[in-house]
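Taken verbatim from TrEMBL:
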type	residues	note
DOMAIN	64-406	domain 'Kinesin motor'
BINDING	GLY149, GLN150, THR151, GLY152, THR153, GLY154, LYS155, THR156	ATP binding site
COILED	521-597	coiled coil
REPEAT	642-684	repeat 'ARM'
REPEAT	683-726	repeat 'ARM'
Amino acid sequence: MASNVYRNGTGSHKGATRPLAASNSSNVKSTSFKSRIPPSNHSPGSAPLRRSNSAGGSDGVPGRVRVAVRLRPRNAEESVADADFADCVELQPELKRLKLRKNNWDSETYEFDEVLTEFASQKRVYEVVAKPVVESVLDGYNGTVMAYGQTGTGKTFTLGRLGEEDTSARGIMVRSMEEILANVSPETDSVSVSYLQLYMESIQDLLDPANDNISIVEDPKTGDVSLPGATHVEVRDERDFMELLRTGEAHRIAANTKLNTESSRSHAILMVHVKRSVLGAEDVIPSETDKSSHFAKPPKPLVRKSKLVLVDLAGSERVHKSGSEGHMLEEAKSINLSLSALGKCINALAENSAHVPVRDSKLTRLLRDSFGGTARTSLIVTIGPSPRHRGETTSTILFGQRAMKVENMLRIKEEFDYKSLSRKLEIHLDKLIAENERQQKVFDDEVERINLEALNRVSEVERNFAGALEKERLKCQMEYMESVKKLEEKMIENQQKHGCDGFMQDKCNGEGPGSSIVEDVAEVKKLLEKEIHMRKEAQEEVNKLKSQLGQCPDSGEGGGSEILKLQKALADEVRQKKKLEEEMIILRSQMLQLTFEADQMRRCLGRNGSANAYGGLDSPMSQVRGSLNGHKTPVAALFEQVGLQKILALLESEDANVRIHAVKVVANLAAEEANQERIVEAGGLTSLLVLLRSYEDENIRRVVAGAIANLAMNETNQELIMIQGGINLLSVTASRAEDPQTLRMVAGAIANLCGNDKLQTKLRSEGGIKALLGMARCGQPDVLSQVARGIANFAKCESRASTNGIKSGRSVLIDDGALPWIVQNANNDSSPIRRHIELALCHLAQHEVNAKDMISGGALWELVRISRDCSREDIRSLARRTLNLSPIFRAEMRRLRIEV
Ligand code: ADP
Ligand code: MG
């Protein structure tokens, strides 16, 4: 027997590792009990279930079953019956020892966790036996408080007294409940109670006596035992609970026995289910004001479910001693079935036996967590003092001793509270949704405000800018007009002062070549500088606008249209800027023009104003070119400054004024051989031809024709002019022209083309010859001179072709009816005309095929005159030689008796 170890207190502590001190500690996580039997020593197959379903998954804390012994005072009957005998036990509470007297001279000593004398108050009993268990239950552990003992020793007194008449008499059930209710929170926690009795191996619901066969259900996974059929009553306050206990008590079957008429033979089981919500520190839900943590880790609420089981066992006395009869005997057997099964289980656990017969009775099945399980368990064994019951008392003490060896493994049952988590998340989500809606509204308002502000700013900038631009434009126009007016006035003044003839001499200034023109140039330069300054300002304004646009916050969809508007405004600005640039180029070209004119004037003055600027024989622009050669630097500088491309671009300007200036500049530039190639390369020729084709304006046509005439001095350009339909354009221009200057330019251009051997056929087929002859109608000497030059050039080429055998047959000039005009003007007063025609006649006369026509057209007389009177010796002898070489001419001369 295990109790032998403690017998007589001798050597009883040797080898015992169990500390004797009781622990009043309420901290269930640090127990003062040391495990005597390591959990691993239990065989997995037979050891009571070690549950591990706690959410934390932490290992349990070892917790031995604590056992206290309580001695009932002598009752009235004992006081009489045992008056002459001493009590069978002697208590040493300070040593936590109990001496069991065997006889007057022999006793056995036992140690318990607590030894409670007959004077121990109910309060002290509660604090020593039950309070640590209740506190564990509040912390989430399961707990058991069980009273074991012979009938009449005070089990019900200890556990179940209600203490209605005397509150100090309240038993463990009432006090436990008080403590639980005082510590739970009604908002988050819940407490419910089942009250059952186990009687003759059937479980009856004391809260619903009709329900008398409740079955035990075990979770196969966790081994958890539950009674789903039992009534669970939620308890909110002490009153509820007292009412509940009273109801249960009323239903409790109490069978009388000989030993104590009040004692019960059933096992009464009160189950208190505690459910508490707990939150880890890191899982605190963000407060409403803490907006920054909206997206923090969601809270992780946990729920701890624990169960306090209070068991008031039926009397432990042996059946033969109960004196029961009839069915009462059966009853006693059944009562003792559960009790003896409990005893066997505790023995097995105490001895670390391989097999624990938990399943032998309903009581052991119900208490499987209390002994060898995860619960904190306190057992109170009650004994009476009477020596007459020494046997029962001994067996009770030994039961207690064995129970002290049972080691439990305490574990918290904690699980995620998904319901509460979901509820909390829902609330949190709703809060976030509301907050989001609020913020969205604020955002929308802000976007609207920004849109409005942007709109206002854009329109304000537009207004300001349009105003400023218009002002600038007007100012420029005024200044431009002013300067033009001034220039014109000066020109008239000069004209009046000198009365010079001709286009160039009109501009001559008797005061000297420099002063007035220099002033003009200086003025234009000043204007130009002003323009440049204004352009800079406009550019700055544009940049400012751009940066303002850049600063405008992105205002969503509304902003898109704003940006479009601004872009439009910007495009307008760019257009305005282009216009300003054009105006600048015009001014520059005017300056260029003026520089040319100044050059001309200097030349005029240099030649005492006698030269005719455009009267050159070879080219209408020869004078200009000549002047250019003398003063190349300032012109070249201006040319470089403006840029050829820009000037050519201006040829297509919508402004007629600009166009004509541009053409003039191009014409002047084309007069210089060095520029011709560049102009053609840059597409200048094509542009000029386009102008000729598309503009009726004779001013433009005149200047364009002049430019083409200059370009037509170059053989390559002549071909290009032809290829691009230039001859036809020039013919049309000639036919419509009224101004002799226009005709002079066109005739000059065609005359240049006439000197190209390769172009003979095309020139004729495209009506060039006819156009040339047609221009003679105006009778203006300058024009006639160009016509004559053209005919001479053509005749020369034709003659060359005939000599080389490329051409045969009569002269095209004769075919096209040029002969009468040639004959008519052969003796023209103007020497340039006369000379060109004389040469033409000589060329024609060199070919016999033309002779007959020439004779009939009267050309022979002119040839004879040339051979006699021409001032130029070379032409005179050419004519003579030609006449003598031609048999037809000679025959005709013989017939007419003419000698050369
Ligand atoms: P059990 O439930 O073990 O059969 P009870 O609790 O019914 O025993 O007690 C039997 C009698 O003894 C009752 O009258 C009870 O009041 C009395 N009694 C039991 N324990 C004590 C005690 N510690 N002090 C005073 N009276 C007691
Ligand atoms: Mg009782």
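Heads up, the Cβ atoms here are built off N, Cα and C, so glycines get one too.
A map of TrEMBL features onto the structure.
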residue : record           : Cβ contacts under 8 Å, 6 or more apart
GLY149  : ATP binding site : LYS155, LEU313, GLY315, SER316, VAL381, THR382, ILE383, THR396
THR153  : ATP binding site : ARG72, THR382, ILE383, GLY384, THR396
GLY154  : ATP binding site : ARG70, ARG72, THR382
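THR156 (ATP binding site) falls within a helix when secondary structure is assigned with DSSP.
Taking GLN150, THR153, LYS155, THR156 as the candidate binding-site residues, the subset whose CB lies under 6 angstroms from any atom of ligand 2 consists of LYS155, THR156. Sequence-remote contacts of a segment are chain residues at least 6 beyond its ends whose Cβ falls under 8 Å from one of its Cβ atoms, and for the repeat 'ARM' (683-726) they are 619-621, 625, 644, 648, 651-652, 656, 659-660, 663-664, 666-667, 670-671, 673, 676-677, 733, 736-739, 741-742, 745-746, 748-749, 752-753, 756, 758-759, 762-763, 766. Among the binding-site residues GLN150, GLY154, THR156, residues whose Cβ is positioned under 6 Å from ligand 1 are identified as GLY154, THR156. In this view, THR151 (ATP binding site) is surrounded by 25 other Cβ atoms within 10 Å of its Cβ, with every protein chain counted. Taking DSSP states H, G and I as helix and E and B as strand, the repeat 'ARM' (642-684) has 33 helix, 0 strand, 10 coil. Within 10 Å of the Cβ of LYS155 (ATP binding site) there are 29 other Cβ atoms, across all protein chains.
Confidence annotation: the domain 'Kinesin motor' (64-406) carries a mean pLDDT of 86 in the model.
Take the binding-site residues GLN150, THR156: by the count of other Cβ atoms within 10 Å of each Cβ, the lowest one is THR156. In this structure, THR151 (ATP binding site) belongs to neither helix nor strand by DSSP; it is coil.
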